[in-house]
Amino acid sequence: MQAHPNTVDPSEIAKFEAMAAEWWDPHGKFKPLHMLNPCRLDYITRQIAGEFDRDLGTERPFAGLRLLDIGCGGGLLSEPMARLGAEVVGADAAEGNLPVARIHAEQSGLEIDYRHTTAEALAEAGEQFDVVLNMEVVEHVADPLSYLRATHDLLKPGGLQICSTINRNPKSYAMAILGAEVVMRWLPRGTHDWSKFITPDELFDLLRQAGLEPVDRKGFVFNPISWQWSISDRDLSVNYVTASLRPR
């Protein structure tokens, strides 16, 4: 297994540690993620169920699957995955997020293994998972290709990675930077760096270079009239998500 340089950007970590206490406030600084979460969960659960032949109508359809949530924050994705039966490890480089995540999981009666660590450190330790959730992280790392190589090594052969990020174009600047940070003030200014955004074609190329096989991509589209998100087969102009496999 190859060595993985640390791709953590300290300035990016500091941004999220400063907001840690607000993770579970649906009207706080993580309001955009709370609004987006139903779409994220719908895509994630369907992809996992399809890949591992699980029936979402059962009580714990993901029982027996080991899942890693990279950049878990306060646990907005880790907790639903645990409720569905997965053995969940939540990893975050921002240590300040983890007390919030642990307390909320305990209050919810969920067993989640939250760790202050990075994808690279877990890969170096030889950890492997059936599923890796890599949601809204890749645009915050210093070296996306090196980071994705680590996430590849974290997957068991045949394992599934779900990776979401933000496209890089004038529309994404208008919506993710000007709209979310300046006009609506959903996020503190500087939360995102537009130059770090990645186009879908660039991400597919990076995933392939990392040894993964991209199998799907969809857009997450925000409707400003209904104030709801939906999944789109065609509109990947701002937020989008991909599914890829580690070959067996």
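Using N, Cα and C of the backbone, Cβ positions are placed for all residues, glycine too.
Non-local neighbourhood of ARG40 (S-adenosyl-L-methionine binding site): LEU77, MET135, SER164, PHE220, VAL241, each in the same chain, at least six residues away, with C-beta under 8 Å from its C-beta. Residues or ranges marked as S-adenosyl-L-methionine binding site in Swiss-Prot (evidence: sequence analysis): ARG40, GLY71, ASP92, MET135.
Same-chain residues at least 6 positions away in sequence with a Cβ under 8 Å from that of ASP92 (S-adenosyl-L-methionine binding site) are, in sequence order, GLY71, CYS72, GLY73, LEU98, ALA101, TYR114, ARG115, HIS116, THR117.
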